[in-house]
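Have a look at the structure below, then the notes.
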Amino acid sequence: MKAVIVNPKKQGVEVKDVDIKEPLGKRQVRVKSIFTGICGTDRGIVNAKITFTYPPNGYNFLILGHEELGIVEEVGEDVTTLKKGDYVVPVVRRGCGVCLNCKIGRQDFCETGNFVEAGIRGKHGFMREEFVDDELWLVKVPDELKEIAVLTEPLSNVVKAIDELLFVQRRMVWTCEDSTFECRNAFVVGSGPIGTFFSLILTTLGFNVYIINKRDPSPIEEYIAKRLGAEFINSKTETEEKLPNADLIVDTSGVPSAFIPLMNKMKPNSALILFGTVEGEKYEITSDLITAIVEKNIIVMGSVNASKKDFQGALNYLSIWRSRYLDILEKMITSKVPVDKAPEVLISKPKGEIKTVIQW
Ligand SMILES: [Zn+2]
């Protein structure tokens, strides 16, 4: 079968015929790939910038891909929730089997760190013609979402982060006098797919959203901001006076110099969500900033990965947005490429990309 593979110790990526025997277990499902999304993690692996990646036991290569949409081809005899022809999205992280969180399906909060992640560490990913997976870790996709459901995995991580935020912010009353979030201002730093998902969810929840980047918006970004009623701010050229004070800052860039200067806008009881990661930048944190965080009860929260319920939550959002913002979702998938072109788009990002997907 055709697969997109990497050697985790070396830079580079290739499309190869691989021979992987996957007998179908009683509670397992054979899935044929339809779309596989490409993200920054995939490119980090391909360009050997991500160091925690490793192949499954017994292999000297790793099949890439963790943003998948597939269709059920065959089910094991004890499978009860899926049938041939169902659309599915697989969960990425699989638990350590030891810690309590992993035992209850919350491997996104694994405490031992001994989890595996499909296409990232210790488990083959989904950039291949077909794969066998446990019924337990396949999320059923409503048929009408099949054109956009490849966005489920990246969105699931955002759904989890927002869920955590709303949980943590129950430490006091955070809603407005009319019980909504319409008096709350959110800065979303970064306008890639994750930033766009945060902007979409926060808009849907009623927040006033400011999308912040160090450059002018692309035509698609401008369109999306306008459709959401959000403001796109170029932090290099537009003065800080354009920004109100913030109840929430979400950083999707991982670049300290992109979001730390904005922290002087944070209101009492506000929250900072850290979602992006990059390498290399050094940035000084002053004791004045620490004092502000303390004196204003500011929450700083990192968030990674998602559980199966967050995948379901992502599909629920896609259902809402299919009627409200289908134009945005369709514009987010900026290109669909055949698998033979995968190496090209994995090595370097196509111009104007929000989300590139491989079409099988
Ligand atoms: Zn665990």
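Just so it is clear, glycine is given a Cβ too, placed from its N, Cα and C backbone atoms.
Predicted automatically and left uncurated, TrEMBL annotations should be read as such.
Feature annotations, reproduced from TrEMBL:
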DOMAIN    26-143  domain 'Alcohol dehydrogenase-like N-terminal'
BINDING   Thr41, Glu117, Glu153, Asn157, Asn305  substrate binding site
DOMAIN    147-359  domain 'Glucose dehydrogenase C-terminal'
BINDING   Ser191, Gly192, Pro193, Ile194, Asn213, Lys214, Arg215, Phe275, Gly276, Thr277, Ser303, Val304, Asn305, Lys349  NADP(+) binding site
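By a simple count of nearby Cβ atoms, those within 10 Å, the most crowded of the binding-site residues Glu117, Glu153 is Glu153. Among the record's NADP(+) binders, Ser191, Gly192, Pro193, Ile194, Asn213, Lys214, Arg215, Phe275, Gly276, Thr277, Ser303, Val304, Asn305, Lys349, no two C-alpha atoms are more than 28 Å apart, and one pair sits at exactly that spread.
Between the C-alpha atoms of Pro193 (NADP(+) binding site) and Glu153 (substrate binding site), the distance comes to 11 Å. In this structure the alpha carbons, written CA, of Gly276 (NADP(+) binding site) and Asn305 (substrate binding site) are 12 Å apart.
In the three-state DSSP scheme, Pro193 (NADP(+) binding site) is classed as helix. When the Cα atoms are compared, Asn305 (substrate binding site) and Ser191 (NADP(+) binding site) turn out to be 19 Å apart. Each of the binding-site residues Pro193, Gly276 was assessed for Cβ neighbours inside 10 Å, and the highest tally belongs to Pro193. Around Arg215 (NADP(+) binding site), the C-beta neighbours below 8 angstroms that are at least 6 residues distant in the chain are Asn234, Lys236. In space, Ser303 is the closest of the binding-site residues Ser191, Asn213, Ser303 to Glu117 (substrate binding site), judged by Cα positions. Asn213 (NADP(+) binding site) falls within a strand when secondary structure is assigned with DSSP. For the binding-site residues Thr41, Asn157, Ser191, Asn213, Ser303, the ranking by surrounding Cβ atoms (within 10 Å, all protein chains) places Ser191 first.
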